[in-house]
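Listed features, source Swiss-Prot:
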type	residues	note
BINDING	T30, L31, G32, P33, K51, D87, G88, T89, T90, T91, G415, D496	ATP binding site
Amino acid sequence: MAAKEVKFHSDARERMLRGVDVLANAVKVTLGPKGRNVVIDKSFGAPRITKDGVSVAKEIELEDKFENMGAQMLREVASKTNDLAGDGTTTATVLAQAIVKEGAKAVASGMNPMDLKRGIDLAVDAVVGELKANARKISNNSEIAQVGTISANGDAEIGRYLAEAMEKVGNEGVITVEEAKTAETELEVVEGMQFDRGYLSPYFVTNQDKMRVELEDPYILIHEKKLSNLQSMLPVLEAVVQSGKPLLIIAEDVEGEALATLVVNKLRGGLKIAAVKAPGFGDRRKAMLEDIAILTAGTVISEDLGIKLENVTLNMLGRAKKVAIEKENTTIIDGAGSKAELDGRTAQIRAQIEETTSDYDREKLQERLAKLAGGVAVIRVGGSTEVEVKEKKDRVDDALHATRAAVEEGILPGGGVALLRAVKALDSIKTANDDQRVGVDIVRRAIEAPVRQIAENAGAEGSIIVGKLREKSDFSYGWNAQTGEYGDLYAQGVIDPAKVVRTALQDAASVAGLLVTTEAMIAEKPKKEAAPAMPAGAGMDF
């Protein structure tokens, strides 16, 4: 086992703080409508330009092991916020840095770290309660467009496309973002269905960058039982190979010898193939397989219907324009099913929704209806260069998550103002001791950080902006960094999803609390490089 280096107390916290500052300082320049770009070097291809906080955070790795630990813990804030809300990663990073800095000062002055953390947690709970109480439900499409525009760094075109996509496929519909082949950004709504089952083996992946399987114009075999050997499937497999089309197998499971054979065939290039598990369980699985069969004009291969696998012919297989399979979900786009049959099926599901008395069953039936009737919206992001397209696609992804979050939990005034206004919730907190009160005050100061940073990125003085905002008590009164004007932020369209603001604060406080209560750090000692050996015969006189 390699020797370890151990740091304690203030020494450990100082090193960790340096790492936190490096990462946070690189990320926070991207905050707000006037946020700057960060350029990331790539070992191959053009450098990547981004304003996405989590993309910047993921690229940072420091040489000093202890500093790197601080940076990696802060990176966790951005990643977690990104996973839960899909946006707000830069805000979360700025908040975490502010809480850690204030917390470290308090610990250095002799306060109890555990009481500080309890105070921080009490304050965060109070602020979250205040945010939830003031969140406003989204009432129309233009508000969705405004949320999308703000999250896409003020790009109104992106906001418009997202609002249009959500209007067409509904809030529950599937929206995907792709790179366009042209310079124009466009929206296309495709009939399709998505279910929550991914590929059974990563060897099926065809697009290594995105780790997903993309099958163009495939046949789809829908089988309700397990496949453990392929003997009975050989006739249909041979027919598919001769047709030159890819094949998607949807079955209860594909295991053992059958999966191994499919993987080997895929790797040898003889057969473009992928396999996924059937969605749902029990009777619901049968119904969902039937939905897929109707969507793709295929037949469910089921012994109940007297169809055996060895008797399957090509015309029993479903067809679709495209199938995209990721680690955890599968999307069937543009199935070959007839409109009359699809309409009949959706009418049948609607009738079942009317009849059912169980809330759970109703919810599941509505999910099936959305999948059959909702379709998939595809936003194709265009640009003049590859670098521009990638940067824009990052912003569209952020904006998509933000609009979904806004529909889920409502909206708040943007520009960091909602957090600033929620400070009043801290006045009524009762703490057990003075150290906890200091923990509450740490949060009181830290939640000004996003407003200050947005102002500084826009070339204004953060403390002056915060001072002016404090003069008014109206919850939605704030400073618009885009125009430099004060006023009602709802009216100006400067809004943030409540879920994004809430998640950013909770995740920041969670990781910052861990950093503040850290008393020792352990890392592997850097290896001493051995001196190079002396060349043979060096220094000899021949």
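FYI, residue positions are counted from 1 along the chain as it appears here.
Yeah, the Cβs are placed from backbone N, Cα and C, and that goes for glycine too.
Annotated features, which come from Swiss-Prot, shown on the structure.
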| residue | record | Cβ neighbours (10 Å) |
| --- | --- | --- |
| T30 | ATP binding site | 22 |
| G32 | ATP binding site | 27 |
| K51 | ATP binding site | 21 |
| G88 | ATP binding site | 32 |
| T90 | ATP binding site | 30 |
| G415 | ATP binding site | 27 |
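Taken residue by residue with DSSP, G88 (ATP binding site) is part of neither helix nor strand, so it is coil.
The maximal spread of the ATP binding site, taken as the longest Cα to Cα distance among T30, L31, G32, P33, K51, D87, G88, T89, T90, T91, G415, D496, is 17 Å.
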